[in-house]
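S.K.: One structure, pasted below without further comment.
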Amino acid sequence: MIPTMVKIWKKKSVSEFKPDPYLATVINCMMWAFYGFPFVKPDNILLITNNGVGLVLELVYVIIFFIFATSPVRKKITIAMVIEVIFMAVVVFCTLYFLHTTKQRSMLVGILCIIFNVIMYASPLTAMRLVIKKKSVKYMPFFLSLADFMNGAIWIVYACLQFDLYILIPNVLGCLSGTIQLILYAVYYKTTNWNDDDEDQENSNSNAEIEISQA
């Protein structure tokens, strides 16, 4: 993700990169960090530290994306973030107020974690569709795809050691998603035009001019 953010920062434009994976990862990290707390799922400090760091990084990525995005995309990001924060607050309140054992809490939060983990791993589908349509992997960052695969594989090992199905199920799907992305990268890498950055910059400038004229 860092190479993608550096590229966006240098070009002062998000071009055709999608915010979906970053937005999905934010709620995913929040949910898994909550799942790791002792009053939800005891003896899972690794989940708190890992997803806490991940949440901070993802928020930085979202902020950078927001700064250089067009107005419609900024609106989408703002709405998504507000919904995620409100939803997370409701989950925390309901879990702590209505459920009184760690077994009940871990079951509810664990199921939600599975759902949002699957959403996170499915979010690159928008980029994958663009890859197939344009026969170009320019806007599907390799390191993000590799990270999806490696992240899923590592958490599969951890889930097996902990005998935790809530961690195992979504990460099996995540590893599969990462594999598909890497396959697409291998298939369309040679047909990718890496020299059209100037065109993207011109499009970005045109969009900026349109936004200014409409203001």
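Just so it is clear, glycine is given a Cβ too, placed from its N, Cα and C backbone atoms.
Below are the features I grabbed from TrEMBL:
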TRANSMEM  21-40  transmembrane segment
TRANSMEM  52-70  transmembrane segment
TRANSMEM  77-100  transmembrane segment
TRANSMEM  106-127  transmembrane segment
TRANSMEM  139-159  transmembrane segment
TRANSMEM  165-188  transmembrane segment
S.K.: Out of 21-40, 77-100, 106-127, 139-159, 165-188, which stretch has the largest tally of CB pairs under 8 angstroms to the transmembrane segment (52-70)?
M.R.: 21-40
S.K.: If we skip the immediate neighbours and take only residues 6+ beyond the ends of the transmembrane segment (106-127), which ones have a Cβ under 8 Å from one of its Cβ atoms?
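M.R.: Distant Cβ neighbours of the transmembrane segment (106-127) are 17-18, 20-21, 23-25, 27-28, 31-32, 34-35, 40-41, 91, 94-95, 99, 139-140, 144-145, 148, 152, 166-167, 169-171, 173-174, 177-178, 181.
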S.K.: Report, as numbers and ranges, which residues of the same chain sit near the transmembrane segment (165-188): CB under 8 Å and 6 or more residues beyond its ends.
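M.R.: Answer is 35, 106, 110-111, 113-114, 117-118, 120-122, 124, 128, 131-132, 135-137, 140, 142, 145-153, 155-156, 158-159.
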